[in-house]
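Asks: So that we are looking at the same thing, I have put the structure below in structure tokens.
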Amino acid sequence: MRGAARAAWGRAGQPWPRPPAPGPPPPPLPLLLLLLAGLLGGAGAQYSSDRCSWKGSGLTHEAHRKEVEQVYLRCAAGAVEWMYPTGALIVNLRPNTFSPARHLTVCIRSFTDSSGANIYLEKTGELRLLVPDGDGRPGRVQCFGLEQGGLFVEATPQQDIGRRTTGFQYELVRRHRASDLHELSAPCRPCSDTEVLLAVCTSDFAVRGSIQQVTHEPERQDSAIHLRVSRLYRQKSRVFEPVPEGDGHWQGRVRTLLECGVRPGHGDFLFTGHMHFGEARLGCAPRFKDFQRMYRDAQERGLNPCEVGTD
């Protein structure tokens with residue numbers, strides 16, 4: 001139930017005119033802004049910091065200046081809210097405890113009514129478009145490794161002064177294996193045997209169960225999968241609750257992207273996944289008989305990463 005979800009790539013536009021110059025063409029504007037922010041320091045950019053969240057307004061800038069503002073957030077989760085966006089923001093995210101960047105995943109979810117700016121992943125001047133202006137699809141989550149870069153938020157040209165707010169929530173999640181990032185970035189791609197075995201040991205939830213119903217929500221570009229669980233291996237949050245009948249089963253709901261095309265099916269599956277922004281997101285989900293085969297093969301070779309019951 002996991003498939004490659006292609007990320008949109010692109011460069012920011014050039015909303016602010018610059019005088020022509022002879023010789024080689026100047027660098028792209030977003031890269032130029034980043035360089036200026038580093039060179040000018042306090043002279044050409046503002047610096048803001050807060051433990052978890054930041055809220056600011058472009059109205060504090062002089063009308064003729066398109067500033068790049070540095071925002072430093074040192075927390076596991078929070079939000080950024082930028083009213084009347086002008087210029088650009090460089091959002092620096094770090095955990096509030098020591099942890100190597102290569103072990104951290106950043107996930108962002110834009111506000112439903114977010115507009116006025118594009119959100120990019122930036123590293124050494126290269127930009128990858130994460131959330132285009134106005135794409136505030138509810139529930140849409142974008143994730144990347146912290147070592148892949150930082151967030152560059154660039155205001156888009158506007159013809160009026162109507163109120164616009166660019167905003168998003170963020171989470172910093174410690175990942176135990178590289179496969180955890182695949183789960184976030186490619187939730188529809190089928191898992192390999194190794195990924196399944198790691199998922200059952202390291203996911204926020206792992207259960208054996210069947211699909212009772214699937215509710216597609218086009219407005220969220222999401223599908224809600226309603227599960228009946230016969231065996232609960234692990235869960236960090238109360239995703240699954242005992243059924244009212246008290247027959248030893250549990251029930252709960254997990255989510256995945258609409259594009260994965262999940263449908264109700266017969267038989268038991270192993271469902272694994274992680275919590276993001278308070279919701280259970282589906283990761284690896286092989287048929288249970290296939291998981292039994294994977295686990296048995298790994299056990300015979302002494303390669304199973306943890307002990308679980310497969311009866």
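Placed from the backbone N, Cα and C atoms, the Cβ positions cover glycine too.
Keep in mind the model is a prediction, meaning the values are calculated, not measured.
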Asks: Region 'Disordered' per Swiss-Prot sits at which of 1-24, 97-120, 265-288?
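Replies: Here Swiss-Prot associates region 'Disordered' with the stretch 1-24.
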Asks: Tell me which of the disulfide-bonded residues CYS52, CYS107, CYS143, CYS284 ends up closest to CYS188 (disulfide bond) in space, Cα to Cα.
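Replies: Out of the listed candidates, the nearest Cα belongs to CYS284.
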Asks: Could you measure between CYS52 (disulfide bond) and CYS260 (disulfide bond) for me? Cα positions, answer in whole angstrom.
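Replies: The Cα atom of CYS52 (disulfide bond) is 33 Å away from the Cα atom of CYS260 (disulfide bond).
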Asks: With every protein chain in view, how many other Cβ atoms are within 10 Å of the Cβ of CYS52 (disulfide bond)?
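Replies: Excluding its own Cβ, the number within 10 Å is 13.
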Asks: Cβ neighbours within 10 Å, counted over all protein chains: which one of the disulfide-bonded residues CYS75, CYS143 has the most?
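Replies: When each Cβ's neighbours within 10 Å are tallied, CYS143 tops the list.
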Asks: What does DSSP say about CYS191 (disulfide bond): helix, strand or coil?
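Replies: Where CYS191 (disulfide bond) sits, the three-state DSSP reduction gives coil.
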